[in-house]
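Participant: According to Swiss-Prot:
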type: DNA_BIND; residues: 53-127; note: DNA-binding region
type: BINDING; residues: Cys53, Cys56, Cys70, Cys73; note: Zn(2+) 1 binding site
type: BINDING; residues: Cys91, Cys97, Cys107, Cys110; note: Zn(2+) 2 binding site
type: DOMAIN; residues: 163-407; note: domain 'NR LBD'
type: REGION; residues: 1-52; note: region 'Modulating'
type: REGION; residues: 1-33; note: region 'Disordered'
type: REGION; residues: 457-492; note: region 'Disordered'
Amino acid sequence: MEQKPSKVECGSDPEENSARSPDGKRKRKNGQCPLKSSMSGYIPSYLDKDEQCVVCGDKATGYHYRCITCEGCKGFFRRTIQKNLHPTYSCKYDSCCVIDKITRNQCQLCRFKKCIAVGMAMDLVLDDSKRVAKRKLIEQNRERRRKEEMIRSLQQRPEPTPEEWDLIHVATEAHRSTNAQGSHWKQRRKFLPDDIGQSPIVSMPDGDKVDLEAFSEFTKIITPAITRVVDFAKKLPMFSELPCEDQIILLKGCCMEIMSLRAAVRYDPESDTLTLSGEMAVKREQLKNGGLGVVSDAIFELGKSLSAFNLDDTEVALLQAVLLMSTDRSGLLCVDKIEKSQEAYLLAFEHYVNHRKHNIPHFWPKLLMKEREVQSSILYKGAAAEGRPGGSLGVHPEGQQLLGMHVVQGPQVRQLEQQFGEAGSLRGPVLQHQSPKSPQQRLLELLHRSGILHSRAVCGEDDSSEASSLSSSSSDEDTEVFEDLAGKAASP
C-alpha cells in the first residue's frame with residue numbers, strides 16, 4: 001500500500017500540532033521546532049554529539065523512559081500514558097506510517113506503537129502522586145548527602161595539636177579557678193530584690209539620674225570581680241611574659257569586656273536575668289537604673305545571643321584570652337608579641353571548636369563575630385549614651401585606656417561620698433571625668449579605680465607602695481601613676 005503520511009489528517013496530537021499550513025504541515029518559527037530551540041546546545045555527557053532519537057530521528061536529548069529520545073517524543077509518550085490516550089488513537093493507513101521528525105505529528109497511533117517497539121517503558125511514566133513522592137525522595141536524598149558532606153568536612157577539620165591542648169588546658173583552668181561559683185552559679189545565685197532598682201531615681205548635681213540603692217549593690221561586687229579578671233590574666237604564661245606596662249594596658253582595655261562576657265554567659269532566659277560576679281542575679285531595669293544605662297542593654301542582648309551557642313568553660317576561657325591579647329589597645333610596646341599570642345589563642349580556639357563539632361552552621365565565624373560584638377557593643381553603647389561620635393572613648397594622656405578620666409582625691413572624694421552614701425565610701429583614689437558624668441560612667445569610674453588598685457597585682461607591689469604612688473592630687477602627677485608602677489616592677 002502506498003503511504004502518504006504527509007496528507008494524513010487523522011489522529012493528530014493537538015498539543016504538538018496547534019498550527020498547520022494548508023498542505024497539512026506544521027508551521028515552524030524560523031524553520032525550527034520550539035522544543036529543539038530550547039534544548040539547543042545541551043548534550044548530556046553520556047550522549048554522542050549527533051545522537052538521534054530512536055523514535056523519530058531528531059536530535060536526542062537523553063535517556064527518557066529507558067530509550068534515547070528527543071524532547072518531543074518524550075513528552076508525547078508521557079502525555080499518552082498519563083492521560084490514557086492510546087486507546088483513542090487511530091490510523092487511516094492500517095498502522096503502517098513511517099515516523100520521522102517530519103511526519104511524527106501526523107499519526108499518533110503509529111508514533112505510539114514505535115515508542116513501544118523501540119523499548120520505551122510505560123511503567124516508568126509516573127502519575128501525579130508518584131511524581132510528588134519521587135520529588136520528595138529526591139529532596140530527602142539531597143538533604144542526606146548534604147549532611148553527610150557536612151559531617152565529612154567536620155571530620156576533616158584540624159583539631160588541636162598537643163601544644164595547643166596545653167594552651168587550652170591552662171586557659172580553662174585559669175578561668176575555672178577565677179570564675180565565681182563556677183558551674184553551680186544557678187544554685188548559688190541570689191536575686192536582687194525587686195524593690196531595688198525600682199525606687200525613685202535620684203537626680204545628681206550634673207543632671208543625671210540613678211537609683212542609689214542599686215548603684216551601691218553593684219559597686220560592692222566590682223572590686224572582687226576585677227580581682228578575678230587580673231588573676232585570670234596572671235595565670236596565662238603568654239601574658240606574664242609581657243612587660244608590666246603592656247600588662248596594665250591590656251587589663252585596662254579588656255576588664256570591662258571580660259566582666260561583661262562573664263555576666264552574659266550567665267544569662268537565664270527563664271527569669272530574664274544576668275548573674276553578676278556569679279552571685280547577684282539582676283534584671284535589665286535594675287542594671288540600667290543602677291548606673292550602667294544603655295550599656296546594660298548591650299550586655300543583655302549579648303547574653304541572649306550567646307545562649308544559643310551553648311559555650312562550655314573552655315570556649316569562654318579562650319574567648320577571654322582572645323579579648324585580653326588585643327593589639328588595638330593604645331600605647332602597647334610589644335605589639336608583635338601580643339599579636340602572635342592572640343593568633344595562638346585564636347588557632348587553638350578554632351581547633352577546639354572543630355573538636356566539639358557544634359551543630360550550628362558556620363559556628364566558628366559566628367562566634368568570632370560575637371567576640372567583636374563583646375568589644376564594640378559595650379564601648380559604643382556607652383559612648384552613644386554620652387553623645388560622643390563614633391563610640392570613641394577618651395584616652396589617658398599616657399596613652400593608657402583610662403576612659404577619659406583623671407585620678408582625684410581630697411574634697412572631691414567627700415563630695416562623692418555625700419552624693420552616693422555607702423556607695424561613695426571609697427578608700428584611695430576615685431575618678432573624675434573632664435566633662436559631666438553619666439550614671440554608667442560613674443560605675444566605670446569605680447571599675448577603673450579598682451583597676452588601678454589591682455594593677456599592683458600585675459607588678460607584684462604591696463598596698464603601701466600602691467598608696468604612695470597614688471597619693472598626689474596633682475593631675476600632672478596622676479599621669480605618672482602607671483610609669484611609677486612599671487618602674488617599681490622593674491626594680492630589684
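Placement of Cβ uses the backbone N, Cα and C atoms for every residue, glycine included.
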Participant: Within 8 Å of the Cβ centre of Cys53, Cys56, Cys70, Cys73, which other residues of the chain have their Cβ, at the recorded Zn(2+) 1 site?
Facilitator: Gln52, Val54, Val55, Gly57, Asp58, Ala60, Thr69, Glu71, Gly72, Lys74, Lys101, Arg104
Participant: With the cut-off set at 10 Å between Cβ atoms, which of these binding-site residues ends up with the most neighbours? Options: Cys56, Cys70, Cys97.
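Facilitator: Highest number of other Cβ atoms within 10 Å: Cys70.
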Participant: Out of Cys73, Cys91, which of these binding-site residues shows the lowest number of other CB atoms within 10 Å of its CB?
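Facilitator: Each of the binding-site residues Cys73, Cys91 was scored; lowest Cβ tally within 10 Å is Cys91.
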Participant: Based on Cα distances to Cys97 (Zn(2+) 2 binding site), point out the closest of the binding-site residues Cys53, Cys56, Cys70, Cys73.
Facilitator: Cys56
Participant: Which state, by DSSP, holds Cys53 (Zn(2+) 1 binding site): helix, strand or coil?
Facilitator: coil
Participant: Does anything in the same chain, at least 6 positions from Cys110 (Zn(2+) 2 binding site), have a Cβ under 8 Å from its Cβ, and if so what?
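Facilitator: The list for Cys110 (Zn(2+) 2 binding site) reads Cys91, Ser95, Cys96, Cys97, Ile99, given in order along the sequence.
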Participant: Looking only at Cys53, Cys107, the binding-site residues on record, which one has the least crowded Cβ, with the fewest other Cβ atoms within 10 Å?
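Facilitator: Output over binding-site residues Cys53, Cys107: least Cβ neighbours within 10 Å is Cys53.
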Participant: Based on DSSP, name the secondary structure state of Cys110 (Zn(2+) 2 binding site): helix, strand or coil.
Facilitator: helix
